[in-house]
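*Asks:* Sharing a structure below in structure tokens format, with a few things to ask.
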Amino acid sequence: MTRDKFFYFGLFGFALGIFFRSFYDFGASFWQFLIFLAGAILVAGLISHKAFHKAKPFSEKKVSPLFLISVIFFAASLGVWRFDFSVDKGIVPKLEEKVDQTVLLEGIISVEPDERENNTKLTIDIEEDRSASSAGKILVTVAPYPKFSYGDKVKLRGILEKPKNFNEPDDLRQFDYISYLAKDGIGYVMFQPAIILVSKNNGNSVKRVLFNFKNSFLENVGAMIPEPAGALSGGLVVGAKRSLGTEWLEKFRVVGVIHIVVLSGYNITIVAEFIMRLLAFLPRFARFSFGGLAIIFFAIMTGGSATVVRASLMAILVIVARATGRLYDITRALLLAGFLMILHNPKILVFDTSFQLSFLSTLGLIYLSPTIEKRLGFITEKLQLRQIAAATIATQIFVLPLLLYQMGQLSLVALPANLLILPTIPWTMLFGFLAGAIGFVSQIIALPFAFIAYILLTFQLKIVAFFATLSFASISIPYFPAWALFFCYAVFAFLKILSKRKTTFVSRQQCG
């Protein structure tokens, strides 16, 4: 129990330090002050414990609150230090002098191009200063054609700008675009510059091979499944960034099924189970080793979004737990996955909505879904409809405060839409994958699989289109204050603690 407390309080303190530092900067020595404070509290705890208690200070039965507080402050100091270490990434002094001027730059496309309806977003590692401690990145908006690929070296001529925060139309919220880009190391933007290709096949060779395979796979799918079904299939199977178009994306958002447009944790779970069953013929160690590597390569190929990375980390933790024969604690695994992600990039904790939604929805699945499922006896278990309904309600409840705070939109038709669509997702992924994979050999042989996938995809699109036409499909809330957001999650935490204590009390009563 003592180790568990130190584990949970340590992770909480680390996240708290990053969260606090995301908004306030008290200088480079602030993290040192927190360490001093943690040490002072620890010493005070040791003195008070020695004076008033005979038990050991780190007894398994009870840990002094002062010790736990010192753990929080010490971990928070590490969180502040980690954030400080990441602050200046993306800022290049030589480029700072050229902001708002026409510049000539050369760089390599370091992220898979984000193709949209009317333009393409390119993230480019600049080569202005190779000796800089942190490479700068520019987000460049270009026309849809000509197309560029990961690893292309390009020359740019245009006006170098700093990103600016902005407000959405009819919305009181200001989107912190500066911090949103900074989390990915992007400090500059450029709109519609003159751009020419210098050379191809630069960048990481593993990424390049995986991206090329994915693009060839998508070409196979696109040749057999027409749009917009083809774009949806690409998003479901390999997390393709090919845009469905603004109109369709808005429909998915209104209906509350935007999570199926891109690769989600649900899809990763399906992929992980499929890989492990596919490798069932291998010896135990080889099966788990190849399974873990396959999930890592799949996460890289799909672009490594926050949702995919978290789900992949959890899937790998499941594999490790099975391989070692240790009990798999889903809560511990989720927190460990979240810790590893914010350790790698602390800015995602506050400035990456995808990470926040992914984390909260998983918490909903862990803590709320089982309770809700017990109360849905009137829904059949066929096709896992009861489980899907419980999961949908639980995740909607857990992410609702954040959605209202970030976007101000609440879907009233999310439950029926998810109940109709989610049971078809595994089959859509299977037949979409078979169509694309067999297409490498023969598109004629792959056509039957593509046809089945097309029927399922068309069904999903029809469901979305129908619910999106309903006047009451969603409601808009122009302003949802931050204090209301924290209050909602404080209530969730209080109810969870209360429920756990009630369960413990009942168990003791029964044992007694």
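Including glycine, each Cβ sits where the backbone N, Cα and C put it.
All TrEMBL annotations are machine predictions without curation.
From TrEMBL, for reference:
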- 7-24: transmembrane segment (TRANSMEM)
- 28-194: domain 'DUF4131' (DOMAIN)
- 30-52: transmembrane segment (TRANSMEM)
- 64-83: transmembrane segment (TRANSMEM)
- 236-500: domain 'ComEC/Rec2-related protein' (DOMAIN)
- 252-275: transmembrane segment (TRANSMEM)
- 295-320: transmembrane segment (TRANSMEM)
- 349-368: transmembrane segment (TRANSMEM)
- 388-408: transmembrane segment (TRANSMEM)
- 420-442: transmembrane segment (TRANSMEM)
- 449-473: transmembrane segment (TRANSMEM)
- 479-498: transmembrane segment (TRANSMEM)
*Asks:* Which stretch from 64-83, 349-368, 388-408, 420-442, 479-498 shares the most C-beta pairs under 8 Å with the transmembrane segment (7-24)?
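*Replies:* Comparing 64-83, 349-368, 388-408, 420-442, 479-498: 64-83 has the most Cβ pairs near the transmembrane segment (7-24).
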*Asks:* Using a Cβ cut-off under 8 Å, which residues of the same chain at least 6 positions beyond either end of the transmembrane segment (420-442) come close to it?
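*Replies:* Residues packing against the transmembrane segment (420-442) from afar: 216-218, 220-221, 223-225, 233, 236-237, 257, 260, 266-267, 270-271, 383-385, 388, 392, 449-450, 452-453, 456-457, 459-460, 463-464.
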*Asks:* What residues elsewhere in the chain lie close to the transmembrane segment (349-368), defined as a C-beta under 8 angstroms and at least 6 residues from its ends?
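*Replies:* For the transmembrane segment (349-368), the list is 15, 18-19, 22-23, 176, 179-180, 182-183, 264-265, 305-307, 310-311, 314, 330-331, 334, 338, 341-342, 391, 393-399, 402-403, 406, 496.
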*Asks:* Are there residues at least six beyond either end of the transmembrane segment (30-52) with Cβ under 8 Å to its Cβ atoms? List them, or say none.
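*Replies:* Residues packing against the transmembrane segment (30-52) from afar: 17, 21, 64, 66-67, 69-74, 76-78, 80-81, 84.
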